[in-house]
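Chemist: Would you mind keeping the following structure in view while I ask a few things?
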Amino acid sequence: MMESERSVDERPWGLTPATWGILLGVLAAVGYTLTNMALRRVAYRDDLGWALWVSCHKGIPSTIAALVLVGVEWARGHDAALPRGRQLVMLIGTALIMQFGGNVLFQIALSYGGLALTVPLVFATIIVGGAVLGRVMLGEPVGTRMLLAMSVTIVAIFVLSQGAGAASLAMGQRPTGWSTLWAILAACLSGLSYGLCGVVIRRCVTNRMSIAATLLPLSVTGVIGLGATSVALLGPRGVLTTAPEDLLAMVLAGVFNAVAFFAISAAYKRLSVVNVNLINASQCAMAAAAGVLLFAEPLTISLGAGTLLTLLGLFIMASRRPAPPPAETTPRPEEPATQTEDATVTAPQPTVTSQTR
């Protein structure tokens, strides 16, 4: 049994996997809030090249951490856990969507809508998109409560959108229909990209692939792709003349993001996609408070009402019965040993369509 499997079964400090999932989800929420605050510090430019450059730096610490952890696994003889074939192609494709559609659009959304508006909008979209994709890709049921929660969240997106004009004005944008639309659209597309990434991560880690091996292609693809594209757009001079205080903010964002990235991935191994997103959604309130108190962003009725509606939708989802652990994907003991080894390398996605969640 690999160490990544033992970490779930041995219950460190006597805590259940569900309790660990909750603690890891809270850690991820705090880490992402600190990340977003650092990204807000460098959101004074709205050009694509700058958004790519910032997002590239944000992914560097995660890449380094994943490389180190995979190297340790490799030294211990666990190289079979690395993604191969279709899984590797799926992770690289997901990485391109997450990095360019998630991180880059999130940075652009920050420059148009600010922190207090963007994070609730992104998260409301993550909840809806994650639930739909979880149903399609993982077979996770969408019951009556989930449909009600999604409906409330969609209303929250509409209400939050009403404050986009004031948020764009506070960010120094012209109060035009385009800037308002772009603030909303960029945030929502970013949320959909993140929602897809969350579902794919859960599909991989519940198939007994280690977290580091799952995140390595996601982060490496992002750093290489974002770095090359940003240099092409900004030019070597534009990259080398980045202000030291901006570089510091980018590095801090990357460190906080790495902590949150690994924490939320570990949480996906212990809880369902919806439950992890629920806990992580506490950053909506944190971001709204930080945007208003630290960055002087406008506190509007639509912002307050939309954030509360988002939290209400999450509360409705929290009242569902807890989901059982993911279905085992390894063969029965009586099957040949060669099949067991193969299943560890390329285990099929868990069959969870018949489970009650």
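Here the Cβ of each residue, glycine as well, is placed from N, Cα and C on the backbone.
Remember, TrEMBL labels are computer predictions, not curated facts.
Okay, these came from TrEMBL:
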COMPBIAS  339-357  compositional bias 'Polar residues'
DOMAIN    182-317  domain 'EamA'
REGION    322-357  region 'Disordered'
TRANSMEM  20-39  transmembrane segment
TRANSMEM  88-109  transmembrane segment
TRANSMEM  115-134  transmembrane segment
TRANSMEM  146-169  transmembrane segment
TRANSMEM  181-201  transmembrane segment
TRANSMEM  213-235  transmembrane segment
TRANSMEM  247-268  transmembrane segment
TRANSMEM  275-295  transmembrane segment
TRANSMEM  301-318  transmembrane segment
Chemist: Using a Cβ cut-off under 8 Å, which residues of the same chain at least 6 positions beyond either end of the transmembrane segment (247-268) come close to it?
Modeler: 20-22, 24-25, 27-32, 34-35, 38-39, 41-42, 54, 57-62, 64-65, 198, 201-202, 205-206, 211-212, 214-215, 219, 276, 279-280
Chemist: Within the same chain, where does the transmembrane segment (181-201) have neighbours whose Cβ lies under 8 angstroms from its own Cβ atoms, ignoring anything closer than 6 residues to its ends? I mean 6 or more beyond.
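Modeler: Distant Cβ neighbours of the transmembrane segment (181-201) are 90-91, 94, 97-98, 101-103, 105-106, 108-109, 112-113, 117-118, 121-130, 133-134, 137-138, 157, 161, 164, 167-168, 173, 214-215, 218, 264-265, 268, 273, 276-277.
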Chemist: In the same chain, who gets a Cβ under 8 Å from the transmembrane segment (115-134) while lying at least 6 residues past its ends?
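Modeler: Same-chain contacts beyond the ends: 36-37, 40, 106, 109, 140, 142, 146, 149-150, 153-154, 156-157, 160-161, 163-164, 167, 183-184, 187-188, 190-192, 194-196, 198-199, 202, 272-274, 277-278, 280-281, 283-284, 287-288, 290-292, 295, 297-299, 303, 306-307, 310, 313-314, 317.
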Chemist: Over the span of the domain 'EamA' (182-317), count residues by DSSP class, listing helix, strand and coil in order.
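Modeler: Going through the domain 'EamA' (182-317) residue by residue, I get 118 helix, 0 strand, 18 coil.
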Chemist: Which value does the mean pLDDT take for the domain 'EamA' (182-317) in this predicted structure?
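Modeler: A mean pLDDT of 85 is what the model gives the domain 'EamA' (182-317).
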Chemist: Can you work out which residues elsewhere in the same chain, 6+ from the ends of the transmembrane segment (301-318), have a Cβ less than 8 Å from its Cβ atoms?
Modeler: 116-117, 120-121, 123-124, 127, 145-146, 148-150, 152-153, 155-157, 159-163, 167, 274-275, 277-278, 281, 284-285, 288
Chemist: I need to check the long-range neighbours of the transmembrane segment (146-169): which residues 6 or more away from its ends have a CB within less than 8 Å of a CB in the stretch?
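Modeler: Long-range Cβ neighbours of the transmembrane segment (146-169): 112-114, 116-117, 120-121, 124-125, 127-128, 131, 175, 179-181, 183-184, 188, 274, 297-298, 300-303, 305-307, 309-310, 312-314, 316-317, 320.
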